[in-house]
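J.: Following this message is one structure expressed as structure tokens.
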Amino acid sequence: MAQPSSCAQSSNGVADESPNMLVYRKMEDIIARMQDEKNGIPIRTVKSFLSKIPSVFSGSDIVQWMQKNLNIEDQVEALHLGTLMAAHGYFFPISDHVLTLKEDGTFYRFQTPYFWPSNCWEPENTDYAVYLCKRTMQNKARLELADLCAESLARLQRAFARKWEFIFMQAEAQAKVDKKRDKIERKILDSQERAFWDVHRPVPGCVNTTEADIKKSSRMKQPHKTRKSVYGLQNDIRSHSPTHTVTPEVKEPTEDELHDQIQHCQEQLDRHRLKMSKVAESLLSFAEQYLEYDPFFTTPEPSNPWISDDVTSWELEACKEAGQQRVKRWAFCFDEVMKDPVGREQFLKFLESEFSSENLRFWLAVQELKKRPIREVPTRVQEIWEEFLAPGAPSAINVDSRSYDKTTQNIKDPGRYAFQDAQEHIYKLMKSDSYSRFIRSSAYQELLQAKKKVQPQNRPRHTHASLC
Amino acid sequence: MCDQTFLAITFGPCDNCSQNKPLMNIYLKNEPINYCSLCVELMACQGLAKGETTNTLKAESESLKAKLEEERAKLHDVELHQVAEKIDALGQFVMKTRRTLKGHGNKVLCMDWCRDKRRIVSSSQDGKVIVWDAYTTNKEHAVTMPCTWVMACAYAPSGCAVACGGLDNKCSVYPLSLDKNENLAAKKKSVAMHTNYLSSCSFTNSDMQILTSSGDGTCALWDVESGQLLQSFHGHSADVLSLDLAPSETGNTFVSGGCDKKANVWDMRSGQNVQSFETHESDINNVKYYPSGDAFATGSDDATCRLYDLRADREVAIYSKDSIIFGASSVDFSLSGRLLFAGYNDYTINVWDVLKGTRVAILFGHENRVSTVRVSPDGTAFCSGSWDNTLRVSAYLRSSGESELRNILYNTV
């Protein structure tokens with residue numbers, strides 16, 4: 001059997017990756033720039049009382065670099081992004097388990113690429129136990145386990161009681177190897193190892209940045225890539241043979257799917273498109289027209305309930321009388337009248353005066369039909385047919401012959417869309433004919449000129465004016 | 001003495017043509033089969049022909065797609081933000097969080113507003129679905145789902161029921177009872193059945209139909225009362241993560257977005273995919289119609305939000321910044337469509353000027369990923385749900401310096 005490819009290529013040539021990898025790559029690009037010799041953050045060794053602190057830079061160094069090199073105007077934003085990068089473990093404060101970025105003289109260090117999250121680490125608790133055990137063997141006061149670590153160690157000792165000898169041996173072996181290292185190198189590696197565990201076993205209260213969206217996790221579980229052991233313990237899946245890799249998630253399209261794609265493209269080619277300039281004008285004018293109805297631009301009357309803790313505007317909206325602002329909207333387009341229950345009511349009244357209300361009643365009946373449970377549909381279809389379309393119907397509507405014929409066919413096997421053609425025809429009729437007369441009608445104009453709603457008297461700090 | 005080589009040949013009925021012939025013992029997919037040499041050759045040729053057909057089809061599809069892009073590009077005479085230069089720039093918006101809803105024990109994954117403009121339903125990884133009066137912050141109803149990770153929830157138009165689902169692959173409807181003591185779970189109705197997780201659900205204009213999208217790559221329309229499948233929508237080649245219904249009264253379409261980086265527009269009656277857009281570089285997490293119904297916005301893991309216009313049949317704007325590197329999980333428009341609210345995996349909410357393409361506000365406050373952002377039905381506020389277990393309702397706080405004609409008359413805050 002052929003070896004499955006490790007990742008599929010998308011049309012722009014970039015390998016398909018899980019969404020997490022996309023973000024890791026972007027952060028790693030930033031890190032690479034930060035570590036650049038010429039334009040990066042200056043890394044230095046700081047002399048402290050009895051020793052040297054190798055390979056550090058300060059929090060404010062980071063923030064300044066980010067503002068300068070990443071186009072970030074706002075300091076708060078730079079701090080936020082920096083904190084996220086620290087939380088993912090790309091750099092870390094050398095004397096704190098909590099991975100945040102502070103804009104001051106606190107010292108930070110870069111994480112070694114071995115420990116980067118893009119390596120798909122999923123370290124086991126056995127590894128964590130080895131790590132904590134190893135720490136107890138390094139008997140220097142300042143490396144004493146913090147309370148939390150000691151607690152974790154105790155818990156793991158209970159959990160791995162039977163394996164403990166093995167864990168202890170591993171820890172001893174690791175500690176031996178570490179002792180042989182150069183002092184400075186040890187300092188750096190120790191801090192990096194600790195930062196790694198701060199990411200994968202975060203302090204309670206800190207965000208665990210390794211948590212994934214479960215919807216995407218099926219694509220992120222790449223067993224051939226996941227690394228479960230930091231110290232090369234036996235459970236590491238990486239030791240498995242590469243021929244047992246899981247097939248990639250992206251499936252090759254089938255012949256049928258390709259035929260569908262081709263057909264779809266061919267249909268799309270014939271589509272009528274508008275010029276961008278026209279479309280842009282339309283978007284602009286829509287936004288402008290509705291700006292006065294958008295509470296983010298125009299304060300609702302009398303106030304935004306969320307800001308003022310006063311629900312009057314909601315109460316006003318719920319009552320049957322429509323204020324001037326609401327009535328004005330009906331003139332924007334036919335859909336606005338039809339969307340507003342009060343608008344529909346007024347339009348119906350107007351049509352009654354013109355003796356053409358059966359059109360609107362038919363349209364409303366069909367809308368209602370589509371909202372019913374499927375069980376009720378056949379009966380309702382029959383009722384609508386009898387009322388509006390059958391020969392001798394009491395509220396006969398006028399539809400073109402084509403729609404009429406189609407509808408006659410449809411009601412033989414009644415479905416929710418039995419009257420679709422007739423409904424569309426009637427809608428167009430109302431829109432092009434009755435609607436424009438409605439807007440020009442005296443009834444509508446009167447509503448438009450109606451007095452503005454007057455404030456109730458007992459509201460303090462309010463003056464009210466009535467506009468005629 | 002020379003070596004003699006013996007070749008053992010089996011002779012018998014071929015598994016394929018049943019004729020008695022010398023057989024070749026071969027393995028197909030680890031199964032031993034016995035074909036005669038003629039059948040083996042035929043099989044090999046068919047395999048070859050099949051490969052060739054797929055390749056030619058692929059090539060045809062690719063060239064058609066390229067031609068489609070050419071056609072679309074022909075009408076691209078100007079950029080949206082260029083035309084928008086003639087309108088005033090928006091100042092910085094100061095948004096204030098006015099309510100914080102605490103009560104979920106784990107990540108909030110989804111929320112939806114009730115049409116009464118103040119109630120909301122939210123669902124969480126802890127398996128709970130809670131109905132709140134966000135205005136008073138009271139919890140009014142709570143349901144515990146049999147499985148955790150409730151990824152989708154929706155409020156019924158009447159306000160009398162909620163729908164929810166997730167890893168259980170189902171969408172269930174719970175009628176909301178006025179009796180606080182009543183056990184909501186008892187009245188539960190299982191409506192939708194998918195073969196993978198439910199990513200999103202929405203009632204149509206009625207309590208009687210639900211539209212769902214799923215990790216199984218399909219969307220579906222269901223009759224709530226009977227649980228019957230009314231229409232299914234096939235066309236995505238990976239998980240569908242989000243859908244949104246067109247806002248028009250006569251509308252019969254909806255848009256969906258998924259892990260195949262595509263946004264598809266569907267006709268609800270025929271089940272056909274009527275328009276398709278593929279410009280994102282990673283999963284589309286959320287789709288939302290522009291209030292006029294002529295366009296829609298998407299939020300994606302590639303850290304950008306984009307605006308697609310249906311009449312121009314192309315992408316017309318990208319909302320991105322160098323400093324935004326985490327994916328956008330959720331998007332929604334203000335009532336006029338001038339503002340786009342987007343929640344990101346970097347715990348922030350960015351507010352964009354839709355027409356000019358610039359950012360007008362950034363909200364910090366959540367302590368983990370923002371998973372959902374929805375503007376209230378009357379546009380007075382927006383609610384954000386997060387992996388920090390909370391929901392926040394925020395609104396625009398007009399600074400005291402500004403004044404408007406109406407404010408002078410009514411002296412409002």
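Backbone N, Cα and C atoms are what each Cβ position is placed from, and that goes for glycine too.
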J.: Of B:54-81, B:250-277, B:278-305, which span is tagged coiled coil by TrEMBL?
T.: B:54-81
J.: Where among B:101-142, B:191-232, B:233-276, B:277-318 do we find the most Cβ pairs under 8 Å to the repeat 'WD' (B:330-362)?
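T.: By the under-8 Å Cβ criterion, the repeat 'WD' (B:330-362) pairs most with B:277-318.
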J.: Count the CB pairs under 8 A between the repeat 'WD' (B:363-393) and each of B:101-142, B:191-232, B:233-276, B:277-318, then give me the winner.
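T.: Looking only at B:101-142, B:191-232, B:233-276, B:277-318, the most contacts with the repeat 'WD' (B:363-393) come from B:101-142.
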J.: Averaged across the repeat 'WD' (B:191-232), what pLDDT does the model get? Just tell me the whole number, please.
T.: 96
J.: Using DSSP, what's the helix, strand and coil tally for the repeat 'WD' (B:330-362)?
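T.: DSSP composition of the repeat 'WD' (B:330-362): 0 helix, 19 strand, 14 coil.
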J.: Take the repeat 'WD' (B:101-142) and find every residue of the same chain, 6 or more past its ends, with a Cβ under 8 Å from one of its Cβ atoms.
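T.: Tertiary neighbours of the repeat 'WD' (B:101-142) are 148-155, 157, 159, 162, 164, 166, 174, 176-177, 180, 184, 200, 368-369, 371-372, 374, 376-378, 380, 383, 385-393.
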J.: Using DSSP, how many residues in the repeat 'WD' (B:191-232) fall into helix, strand and coil?
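T.: The repeat 'WD' (B:191-232) comes out at 0 helix, 25 strand, 17 coil.
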